Each structure stands twice: as C-alpha cells, then as structure tokens.
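Swiss-Prot has this to say about the protein:
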- C37, C59, C62, C68: [4Fe-4S] cluster binding site (BINDING)
- C37-C68: disulfide bond (DISULFID)
- C59-C62: disulfide bond (DISULFID)
- 36-92: domain '4Fe-4S Wbl-type' (DOMAIN)
Amino acid sequence: MSGTRPAARRTNLTAAQNVVRSVDAEERIAWVSKALCRTTDPDELFVRGAAQRKAAVICRHCPVMQECAADALDNKVEFGVWGGMTERQRRALLKQHPEVVSWSDYLEKRKRRTGTAG
C-alpha cells in the first residue's frame, strides 16, 4: 500500500440540479417549520418497538404529516417516527410499492382517492 488515499469522488451537478436541490431544501424548511414535533425532544420520536406507536400520537394532528411521511419514504429513513409512521410501517410501504418514484405524489393521490390524510 502506498499510504495515499484515493482522490475524493467529484459530483458534477448541473446548474439545474443545483436549483432543484435548493428548491427542495427551501420546501423542506417551509414544512419542517410547521411540524408539531419541531419542539419535541427527539428522544421521544426515536424509540424502539411498541413505544413507536405511542410516539406516533404526536403526529396525529400535525398539519405537515403527509410531507413528513413522504420525505421519510423518499429518503428511505430507517429510524424514528416520521409522518405518523413507525419504522415497520415505512418498511412495509416501501416493500409493497417499489415502483413509487415520488411518495409525495403517491400520498397526495391516495389522499384524494380515499378522502383521508393517510
């Protein structure tokens, strides 16, 4: 071994990709600021097992529950309660619907179809 590290991998983002990323970040900041859990101790949301169901109660009346769920599903977040869903519930949805490209779109269509938020 030469003792040298390989060069860091560069990412070639186009201007359009940078704009999309900044728009996504701005949209995320906007909904996160409305989340009911924003002042909650994170330890209450990052629990294991049956305690997750109790933690999900915090989400029930949250105005951005759908955005939160979509963000967690799009980013395949493995831990914690997000958008009123436990880790197990998110894994099940991801497994049942591997074809979904945008969970935001999917959840919005489902909401319109069923007339519910979840």
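Cβ from N, Cα, C; glycine included.
Mapped onto this structure are the features recorded in Swiss-Prot.
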residue : record                        : DSSP (3 states)
C37     : [4Fe-4S] cluster binding site : helix
C59     : [4Fe-4S] cluster binding site : helix
C68     : [4Fe-4S] cluster binding site : helix
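Note: C68 ([4Fe-4S] cluster binding site) has non-local neighbours W31, A35, C59, C62, W82, G83, G84, i.e. same-chain residues 6+ apart with C-beta under 8 A of its own C-beta. The [4Fe-4S] cluster site is defined by C37, C59, C62, C68, and by the 8 Å test on Cβ atoms against their centroid, the other residues of the chain that qualify are A35, L36, I58, V64, M65, V81, W82, G83, G84. Residues near C37 ([4Fe-4S] cluster binding site) in space but far in sequence (CB under 8 A, at least 6 apart, same chain), listed by position: L45, I58, C59, C62.
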